[in-house]
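Here is the structure we will look at.
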Amino acid sequence: MIDAISFNDSTLRYLDQRYLPLREEYVSTRNYEEAIEAIKTLAVRGAPLIGVAAAYTIILGINSFQGTKEEFPSFFKSLVAEVEASRPTAVNLFFAAARLKKVYAENYETDTIEALFAKMNTAARKIHDDEIANCDAMSRHGVDQIKIDLAHILKTRKLNVLTHCNTGTLACCGTGSALGVIRLAWQEGLIERVITSESRPLLQGLRLTAWELEHDGIPFVSISDSSSAFLMQRGMIDFGIVGADRIAANGDTANKIGTCAHAISAYHHNLPFYIAAPVSTIDITIPDGTHIPIEERNADELRTIFGTQVASPTTPVLNYAFDVTPGKYLRGIITDKEAVVGNYITGLAALMEE
Ligand SMILES: CSC[C@@H](O)[C@@H](O)C(=O)COP(=O)(O)O
């Protein structure tokens, strides 16, 4: 399996996703500021992977600490704030930071600084291990749900599935969220072809999902983001499944810009459209999608295509990295605990209590 991120001997190693599929370049660092830059620039990306990277970045930061125990609280507070400021939308980043803050709060008074750091290290590694395990659980729940919802088609043929952005190993550490479901569905003989939309402007679908599918020998075709409604009209898509960066308590879901248009098209064509995401992506503290902070990225990402200027440098640009799909357009939210269909407010709240 692709090793998107690892942490050994106090060194963070990641595959720099900006250069894929043309170049497979691994970067190793012990410098937490470099790790923050990797998150900001999307060298590491995808909500669960951002969470794992954030946890290891905090570990790199505390490894660089050379002060006294009394000086540690203010150092730790500003380190975490710096990491939290790297990308605003993926709640997994804040989930990971909260886990490490909890370890700090529960152990600072009683532990030596060495013992405290060791516990934080263990907590970071557990976040990583959990995300790998989450993928397998999500995949199983997702495939079971698809078998129920699409049984009428599966009686006679395999399915064509639309996905957006990249939700595979590169984004999740394990087999993936939406792509994990697709991988398992393929292994179980349910999939004819995957349709991966390009995901402008940074092309995570065209570059990364295509790369992962090719690697696994799963049949796929790439389309421009604006093609999905037409393919649905022609009966070329049976269902859609994507990941999430943050899911509000009512099921409204932030994901890569372009997701909402795919979901509305699917709804219009009466095709099931699913979100697959670990429970760590649910933000139960916010009632609906209007509260999700949406990252706005540099205008030049749109005015240029991988360094080549394609628009006037003065063209005004809106470059939102994510959009919010209202829960009503979703057939279900597949999590590592279970697939939630129907009432998201009660279904998602119940997941948080388990
Ligand atoms: C399992 S990854 C889910 C989402 O994080 C993914 O669909 C996505 O939107 C990633 O955006 P990115 O900007 O590449 O980090």
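Just so it is clear, glycine is given a Cβ too, placed from its N, Cα and C backbone atoms.
Bear in mind that TrEMBL entries carry predicted annotations, made automatically and left uncurated.
So that you can see what the record holds, here are the features copied from TrEMBL:
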BINDING   ARG45, GLY46, ALA47, ARG87, GLN204, ASN255, LYS256  substrate binding site
SITE      CYS165  site 'Transition state stabilizer'
ACT_SITE  ASP245  active site, proton donor
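Feature annotations (TrEMBL) mapped to structure.
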residue	record	Cβ within 10 Å
ARG45	substrate binding site	26
GLY46	substrate binding site	31
ALA47	substrate binding site	28
ARG87	substrate binding site	23
CYS165	site 'Transition state stabilizer'	30
GLN204	substrate binding site	27
ASP245	active site, proton donor	30
ASN255	substrate binding site	29
LYS256	substrate binding site	28
ARG45, ALA47, GLN204, ASP245, ASN255, LYS256 screened against CYS165 (site 'Transition state stabilizer'), Cα within 10 Å - retained recorded positions: GLN204, ASN255, LYS256
Residues among the recorded positions ALA47, ARG87, GLN204, ASP245 that border ligand 1 - Cβ under 6 angstroms, in sequence order: ALA47, GLN204, ASP245
Cα separation, ASP245 (active site, proton donor) to ARG45 (substrate binding site) (Å, whole number): 11
Cβ within 8 Å of the mean position of the Cβ atoms of ARG45, GLY46, ALA47, ARG87, GLN204, ASN255, LYS256: remaining residues of the chain near substrate: ILE50, ALA90, CYS165, ASN166, ALA171, GLY243, ASP245, ALA321, PHE322
Between ASP245 (active site, proton donor) and ALA47 (substrate binding site), the C-alpha gap once rounded to whole angstrom: 5
